[in-house]
Every structure is written in structure tokens, then in C-alpha cells.
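First up is the structure itself, then whatever we jot down about it.
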Amino acid sequence: MIRYISAMPSPEWEHETPRTLALLGSTGSIGTSALRVVEAHPHRFRVVALAGARNVEKLAAQAARWRPEHLGVLDAAGAAKLRDLLPAGYAPHIHIGPEGYATMATLPEAGTVLSAQVGAAGLRATEAAARHGKVICLANKESLVLAGDIIRRHCAGSGAVILPVDSEHNAIFQALQGHDPASVRRIILTASGGPFRGRSREDLAAVSCRDALAHPNWDMGAKITIDSATLMNKGLEVIEACHLYGVGIDDVGVVVHPQSIVHSLVEYEDGSQIAHLGTPDMRIAIAYCLTWPGVVDAGVPRLDLVKAGSLTFEEPDLHSFPCLELARRAYREGRGMPVVLNAANEVAVSLFLSDRIRFLDIPDIIARALDMHDGTTPHDIEGIEALDEATRRTVYERAGHSNTDGMA
């Protein structure tokens with residue numbers, strides 16, 4: 001199990017006021033929600049770094065509000081544009097690209113790092129934060145999917161701790177509080193089922209990108225919303241759970257729970273299950289991580305179980321949504337397969353979002369990439385990045401498109 005803050009009864013930063021934050025991915029859904037939590041409790045936090053990749057205008061607005069000493073963007077063109085948008089007399093240090101984000105994750109003045117970049121692009125920063133002993137509020141599940149073993153070793157060596165921001169893993173973290181890890185029998189992740197729950201493969205053949213982006217419960221970014229629709233998001237979370245909690249792949253179950261009220265469950269050896277319930281709003285998990293071990297008002301509507309009504313559960317449809325089993329296969333086989341899985345998925349989702357492939361092409365592209373993998377097993381971050389890039393290039397070439405995406 002990765003070293004968690006719960007293992008440290010009195011961490012020295014517990015009483016730090018304000019807590020110093022580096023928010024990587026500040027312009028995305030998670031980052032924006034995190035800043036709403038910060039704004040609601042300004043005396044508790046000091047924002048020292050913000051990184052926003054491509055959304056320079058939004059980053060400039062955030063920077064003008066919070067005045068951090070450090071900002072991060074994707075490239076030099078974005079940096080130049082950002083400088084033009086910043087208020088007169090405000091001249092923060094601007095970091096560029098994955099290496100710049102990694103530098104921001106290791107800033108001495110940043111005690112807590114929110115890793116909320118989308119996809120494999122967040123790996124370098126998460127790995128750097130783990131090496132430097134930071135408190136990591138982890139929303140970037142891909143970091144553990146790609147390099148879970150490496151990050152675990154870094155945490156053990158540096159004293160870094162990880163708090164999971166994903167609602168499901170945050171729910172598990174809370175359900176584990178006060179219990180002996182040896183008493184855990186299994187972990188049960190809940191999935192909303194996405195916008196296409198109950199649809200057959202035949203029905204899915206004609207769904208559009210707009211249909212897939214209409215998530216019934218959660219307000220998320222485009223990529224994770226598509227992953228939710230295909231059940232790949234749950235597949236990635238299954239792999240993440242194995243790394244976070246030190247459990248085997250067969251000890252992580254998945255049930256579809258359309259109401260998204262029960263965020264996940266832990267089953268213990270005595271047969272009991274502890275569930276975490278709440279309104280489907282990411283601010284709950286974000287606030288929990290940012291203020292642990294304290295608890296603050298997250299600013300979300302209170303859950304009323306009477307108004308919520310019935311809570312239902314069902315098995316996932318693995319025939320219509322095979323991505324969940326593809327993720328399980330990748331983890332079981334190892335040998336770099338999780339890297340291939342993630343890279344192929346990111347390319348396929350990008351192609352779908354730009355209307356260049358159909359919805360059902362996504363799992364087909366991923367399955368072909370897994371079948372073609374030559375067994376290369378990366379042992380360091382550079383090897384992971386090389387396999388990621390090679391997989392993306394191959395998938396784009398087979399799809400008849402140029403490679404315009406990557407870990408940057």
C-alpha cells in the first residue's frame with residue numbers, strides 16, 4: 001500500500017497555516033473546483049503555483065486573482081501569450097512543458113501538490129513530487145496506471161504521501177480509516193454507467209460525440225467523460241486501486257450504480273461493507289484531500305436520502321463496454337501493457353472527440369494495440385515515455401492520421 005497520511009498520526013504539516021499549494025491542471029475541471037474550495041477557505045491556503053497547459057486565457061485570469069509566484073504552460077507560444085495577458089507589474093516565473101511542470105511539483109515553497117493534469121501528461125510532475133517528499137493530492141490516475149511501481153518506491157524512499165482525489169478512491173480511503181488493512185477482503189468501485197447505460201452494441205454503433213459527452217451525473221472534462229461512457233475510466237481506476245491499496249486485480253470489484261450517490265465500498269473479512277455516500281460533486285473529495293485531517297464545508301448541496309430515493313446496483317455490461325476487461329487484461333499481463341492501454345485509449349478518445357472514428361472503434365483500437373505489443377517492459381520513466389510515444393505513433397498510423405498528441 002502506498003504510504004498514506006493516515007499512517008502518520010501527527011504529520012508536521014498538519015498545523016501549517018496556510019497550506020502552500022501547487023495546482024497543476026488548474027484550468028481543468030478538477031483544478032477549477034479546487035480553486036473554488038480555496039476561495040471558500042482563503043485563510044487555510046496560499047497558492048504558490050498554477051499550471052494550465054493550453055487554456056492560457058483562463059490561467060491568466062486565475063493568476064490575476066491568486067498572484068502565485070509560478071505559472072506553467074505547454075509551450076513557448078503559450079508563455080508569450082500569458083505574459084501579455086498578465087496585469088502590469090506582476091511578473092511570475094513561467095515554466096514550460098512537462099519538465100516545467102515537474103519543476104513546479106518540486107518547489108520548496110509548495111508543500112502540497114495537486115496533480116490534476118489530464119492523461120499521461122501528468123506523469124512527470126507526479127513522479128517528481130513523489131521523489132521530493134510532497135503531499136500529493138492525486139487526481140491524475142494515469143500516473144499510477146503507467147508507473148505505479150516506480151511512484152510507490154519513490155514514496156517509500158522520500159516520505160511522500162498520496163491522497164486520492166478520484167471520488168471512488170477517496171471514498172475507499174475514507175472507508176479504510178481506523179481499520180487494519182489486513183482485515184480488508186475486497187474493494188468495490190461504483191460506476192455510473194455513463195450516458196449509454198443499458199444500450200446494446202447495436203445501439204452504440206450510431207452514437208455521436210455529443211451524445212457521449214452528456215454525462216448524467218458528473219461535470220467533468222471531455223476526455224474523462226468519454227472514458228466514463230466506454231467504462232475505460234473504471235478500468236483505469238481498477239488498476240489505480242491495485243497500486244494504491246496493495247490489492248490484487250481480482251480483489252477489486254465494479255458495480256454500476258446509476259445514481260452516483262454511493263461512491264465506493266470496502267468489504268471486510270467479517271462480511272460487513274462500509275460505503276461512502278455523498279452528492280456527486282468533486283469538491284467533496286478535493287476539500288477532503290486539501291484539508292486532511294480536518295474537514296471543512298465543501299460548498300456542495302447536502303445529500304437527502306429521502307429525496308434521492310432508491311439506490312440501485314447492477315453488473316457492468318462487458319459485451320457492450322469491453323474497455324473495463326481490456327484494462328484488467330493489461331494489468332494482469334503486465335510487460336508494459338498498461339502503458340500501451342493508456343496510450344491507445346488517449347489516441348482513440350482524441351480521434352473520437354474530433355469525429356474521426358466511431359464510438360465502438362475506441363475499444364477495437366485499444367484491443368489491437370494490446371495484441372500488437374511486443375512485450376517491451378519499461379523500467380524507468382524514460383522507458384515508459386518511449387513506449388507511450390511508440391504506441392501513439394502506431395495507433396495514429398493504423399488509423400490513417402498524423403500523431404498530434406503525446407505526453408506533453
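Glycine is treated like the rest: Cβ placed from N, Cα and C.
Model, not experiment: these values are computed from the prediction.
So that you can see what the record holds, here are the features copied from Swiss-Prot:
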type: BINDING; residues: THR27, GLY28, SER29, ILE30, ALA53, ARG54, ASN55, ASN140, GLU142, GLY221; note: NADPH binding site
type: BINDING; residues: LYS141, SER167, GLU168, SER192, HIS215, SER228, ASN233, LYS234, GLU237; note: 1-deoxy-D-xylulose 5-phosphate binding site
type: BINDING; residues: ASP166, GLU168, GLU237; note: Mn(2+) binding site
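Distribution of Swiss-Prot features across the structure.
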{"residue": "THR27", "record": "NADPH binding site", "contacts (Cβ under 8 Å, 6+ apart)": "GLY52, ALA53, ASN55, LYS58, LEU59, GLN62"}
{"residue": "LYS141", "record": "1-deoxy-D-xylulose 5-phosphate binding site", "contacts (Cβ under 8 Å, 6+ apart)": "ASP166, LEU236, GLU237, GLU240"}
{"residue": "GLU142", "record": "NADPH binding site", "contacts (Cβ under 8 Å, 6+ apart)": "GLY119, ALA120, GLY122, LEU123, LEU236, ASN342"}
{"residue": "GLU168", "record": "1-deoxy-D-xylulose 5-phosphate binding site", "contacts (Cβ under 8 Å, 6+ apart)": "LEU189, THR190, GLU237, HIS263, SER264"}
{"residue": "HIS215", "record": "1-deoxy-D-xylulose 5-phosphate binding site", "contacts (Cβ under 8 Å, 6+ apart)": "SER192, GLY194, PRO195, THR225, SER228, ALA229"}
{"residue": "ASN233", "record": "1-deoxy-D-xylulose 5-phosphate binding site", "contacts (Cβ under 8 Å, 6+ apart)": "ALA191, ILE224, ASP227"}
Please give the NADPH site's span as the largest CA-CA distance among THR27, GLY28, SER29, ILE30, ALA53, ARG54, ASN55, ASN140, GLU142, GLY221, to the nearest whole angstrom.
21
Check: same-chain CB within 8 A of Mn(2+) site center, minus ASP166, GLU168, GLU237:
LYS141, PRO164, SER167, HIS169, ASN170, LEU189, ASN233, LYS234, GLU240, ALA241, SER264
Over all shown protein chains, what is the count of other CB atoms within 10 A of the CB belonging to ASP166 (Mn(2+) binding site)?
26
Taking residues LYS141, SER167, GLU168, SER192, HIS215, SER228, ASN233, LYS234, GLU237, which bind 1-deoxy-D-xylulose 5-phosphate in the record, the widest Cα spacing (Å, whole number):
20
Between the binding-site residues ALA53, ASN55, where is the Cβ count within 10 Å the lowest?
ASN55
Collapsed DSSP category at LYS141 (1-deoxy-D-xylulose 5-phosphate binding site):
coil
